């Protein structure tokens, strides 16, 4: 496309040729992408019916691929619409004073194939006079749908999942307003050593205060925190005991008596068994120290010795 030096109608047309070619490419880009998107939607509807009869795993993979293709097509359309919005369209309007009816009549739409899209479904398109209105309306519709799908990034970050479905996300407070838990109260510091009120501790009154503060020693009768109690220790324990604790105590006492009786019987039997063994035979055949085990072993040997003597 060379530029001529002539003035008039042909010169004005030559000046408009670069801008019109750009607009043709943009229109071709938008129309082809729109047709691709519409054809893909029809194809998706047919695939949905077929995918309902297939396995669950294959249908999920197909849907993910289709969603990725749809998102790519929408991104291409958005970029094209932004390009159209950024262009100056005043030169297309017939409101210029130096334009004549012949000038507007000589500007004819030209058929172009878009070099930006490498598809076999690309068809020749023309520039419609309503291109600007269609581009702006479609751009606003796409922005609304994107806002619906993405929602607010702050609410999504606070909520943890996309979409404005949950109404509770609108009432979430920022981090600076979230109430913080109250700090736990510090435990009360008690003295390390507490002496009873009747203790005989000889300390001079001058060194009493310094020693008590340094060593942490407090007398029970002088402390406002630890007041002397009039009841005895055994009475307080008996009040705390329940019926189940009393039953456990009875079982423990009975078991203790039974064990003591068993040990007494064993001790009496061992003493009687040791008395039945003669002292002379015990000195000759038993060399270990006397114990319960040696007494039983010596008794077994003496019984075998008696059996041999009887058999002979």
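Heads up, residue numbers simply count up from 1 along the chain you see.
Placed from the backbone N, Cα and C atoms, the Cβ positions cover glycine too.
Between the stretches 66-74, 75-83, 84-92, 93-101, Swiss-Prot puts its motif '9aaTAD' entry on 75-83.
Of the candidate ranges 203-227, 278-302, Swiss-Prot annotates residues 203-227 with the feature region 'Involved in oligomerization'.
Per Swiss-Prot, the annotated phosphoserine among residues 20, 140, 197, 243 corresponds to 243.
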